[in-house]
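Notes follow once the structure below has been shown.
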Amino acid sequence: MSTVEERLYPIAVLIDELKNDDIQLRLNSIRRLSTIARALGEERTRKELIPFLSENNDDDDEVLLAMAEELGVFIPFVGGVDYAHVLLPPLETLCTVEETCVRDKAVESLCRIGSQMRETDLVEWFIPLVKRLAAGEWFTARVSACGLFHIAYPSAPDTLKTELRSIYSQLCQDDMPMVRRSAASNLGKFAATVEPAHLKTDIMSIFEDLTQDDQDSVRLLAVEGCAALGKLLEPQNCVAHILPVIVNFSQDKSWRVRYMVANQLYELCEAVGPEPTRMDLVPAYVRLLRDNEAEVRIAAAGKVTKFCRILSPELAIQHILPCVKELSSDSSQHVRSALASVIMGMAPVLGKDATIEQLLPIFLSLLKDEFPDVRLNIISKLDQVNQVIGIDLLSQSLLPAIVELAEDRHWRVRLAIIEYIPLLASQLGVGFFDDKLGALCMQWLQDKVYSIRDAAANNLKRLAEEFGPEWAVQHIIPQVLEMSTNPHYLYRMTILRAVSLLAPVMGSEITCSKLLPVVINASKDRVPNIKFNAAKVLQSLIPIVDQSVAEKTIRPCLVELSEDPDVDVRYFANQALQTIDSVMMST
């Protein structure tokens with residue numbers, strides 16, 4: 001092959017593959033662009049590869065998406081930031097395609113490249129690109145332009161800055177709702193780069209136009225802008241310009257807009273300060289908590305703890321708590337679930353007395369809710385209440401409900417209780433635990449659901465770690481030994497699992513005297529599943545017990561299992577024998 005042919009070969013292969021009918025081949029080719037660029041070198045990449053990609057008229061969105069992604073990290077392959085502008089034309093083309101995810105990725109790559117370009121290059125190349133897209137005949141170009149202003153604006157000279165603000169204002173009044181939506185969602189990023197003097201004039205007038213848009217999809221994106229602008233403005237300006245908008249939005253005719261307000265409201269409280277929050281935002285939030293749309297109540301209920309943290313305890317008790325009581329018996333199970341996931345966090349905010357008087361009855365009613373997710377959300381956050389009211393009161397009021405949930409008909413609720421038990425045990429102390437919860441822990445080992453039995457075995461290990469081996473010998477081991485002869489083979493298998501988990505915690509002596517005989521007996525079981533699980537447990541015990549025990553007790557048992565009629569039993573027995581041999585070899 002001649003030198004010229006060698007030089008042309010990578011491009012020729014790429015052209016062939018990009019014209020291939022097989023989409024996977026075209027995709028692979030695009031994903032190998034960096035490799036091809038290395039083979040070509042920086043100059044030929046700029047002069048041949050990038051122009052070819054600019055002219056590439058592939059119509060498959062997956063290929064275009066991959067190209068948009070690759071070009072975003074292509075600066076090193078074209079000669080560094082000095083030549084970054086050569087990457088703009090293919091990405092500009094991708095910003096105009098119909099598929100949203102391709103445009104978004106192209107905008108993301110342009111932002112990445114633009115943030116690395118020098119100021120002079122931005123003025124010469126990037127800003128004209130933004131202006132071309134903003135003036136594009138097809139709405140897709142104008143949608144993409146909105147996401148680039150925050151990169152273009154800081155480097156622009158004053159005359160260009162004025163022009164860019166004017167263009168953005170026009171985009172916010174575009175005929176196409178999609179363009180106005182894009183302008184609304186990017187307003188916060190653009191506003192962060194604008195000078196304070198223009199923020200109060202140009203940007204606020206743009207914002208006010210968006211808040212009065214006839215499309216609810218535009219207005220709800222303007223709500224996000226409220227929080228972003230609120231952080232940029234001084235408190236007095238925030239109260240004058242942002243607060244009235246939010247109060248109006250909280251009563252908007254579209255539930256989607258009210259939903260967005262419910263999600264963003266607590267962020268605005270920080271921006272406007274305590275007095276406007278008390279006067280205007282608390283009534284707005286109470287309205288949202290009592291909204292007639294369940295979705296709005298769900299969003300508002302999910303933020304109740306964050307909102308209460310901003311208020312004084314007195315305000316929270318006076319205004320928010322009555323709504324919380326109503327929501328705890330809401331007709332929508334999803335509202336109750338959202339409330340249950342955060343309500344425990346209110347305890348530290350309200351303090352001990354208010355928690356005991358006002359919140360405990362709500363916790364109890366939610367713990368008895370018919371919907372399992374509500375009960376689960378309460379159980380998983382009990383430790384937050386314990387820190388406030390103390391374990392004695394918690395155990396008196398909530399423990400009966402927990403014991404009841406331990407036998408809940410939904411296995412996921414039982415599972416959540418099991419996973420919470422070690423934490424509860426460490427808080428209750430050993431004496432209380434033995435009285436109230438010890439029997440439950442053993443009862444779960446015989447549950448009908450495998451996940452519960454497995455979690456129960458893990459639970460025993462964690463309890464042994466918490467209370468120590470001596471406690472486990474008295475309270476866990478005897479009951480485990482008793483269950484090892486259960487007539488149902490699945491429960492006998494759970495005991496083997498418990499033994500394998502307990503052995504590392506209990507140490508060599510207790511394992512040899514108490515646990516090993518259980519496994520040896522299991523190896524003589526009539527059910528093959530039990531026998532090969534016994535072989536696996538024996539293998540796990542080899543590093544724990546003394547070598548003499550491994551040789552005199554475990555090896556003969558495994559040799560017997562290695563001659564079993566069942567192929568799986570023989571396999572696992574031989575695996576365990578190999579472990580014994582390797583341990584003996586290493587010593």
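From the backbone N, Cα and C atoms, a Cβ is placed for every residue, glycine too.
Keep in mind the model is a prediction, meaning the values are calculated, not measured.
Straight from TrEMBL, the features:
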REPEAT    10-48  repeat 'HEAT'
REPEAT    164-202  repeat 'HEAT'
REPEAT    203-241  repeat 'HEAT'
REPEAT    242-280  repeat 'HEAT'
REPEAT    281-319  repeat 'HEAT'
REPEAT    320-358  repeat 'HEAT'
DOMAIN    358-519  domain 'Phosphatase 2A Regulatory Subunit A helical'
REPEAT    359-397  repeat 'HEAT'
REPEAT    398-436  repeat 'HEAT'
REPEAT    437-475  repeat 'HEAT'
REPEAT    476-514  repeat 'HEAT'
REPEAT    515-553  repeat 'HEAT'
REPEAT    554-587  repeat 'HEAT'
Non-local residues, at least 6 beyond the ends, that sit with Cβ under 8 Å of the repeat 'HEAT' (515-553): 477, 480-481, 484, 489, 492-493, 495-497, 499-500, 502-504, 506-508, 560-561, 564, 566, 568-569, 571-573, 575-576, 579-580, 583-584, 587
Helix, strand and coil totals (DSSP H, G, I; E, B; other) for the repeat 'HEAT' (281-319): 32 helix, 0 strand, 7 coil
Beyond the flanks of the repeat 'HEAT' (281-319) by 6 or more, those residues with Cβ under 8 Å of it: 243, 246-247, 250-251, 255, 258-259, 261-263, 265-266, 268-270, 272, 274, 326-327, 330-332, 334-335, 338-339, 341-343, 345-346, 349-351, 354, 358
Same-chain residue ranges lying at least 6 outside the repeat 'HEAT' (164-202) that approach it to Cβ under 8 Å: 127, 130-131, 134, 139, 142-147, 149-150, 152-154, 156, 209-210, 213, 215, 217-218, 221-222, 224-225, 227-229, 232-233, 237, 241
Sequence-remote partners of the repeat 'HEAT' (437-475) [C-beta within less than 8 Å, at least six residues beyond its ends]: 403, 406, 411, 414-415, 418-419, 421-422, 424-426, 428, 430, 483, 486, 488, 490-491, 494-495, 497-498, 501-502, 505-507, 510, 514
Residues of the repeat 'HEAT' (203-241) by DSSP state, where helix covers H, G and I: 33 helix, 0 strand, 6 coil
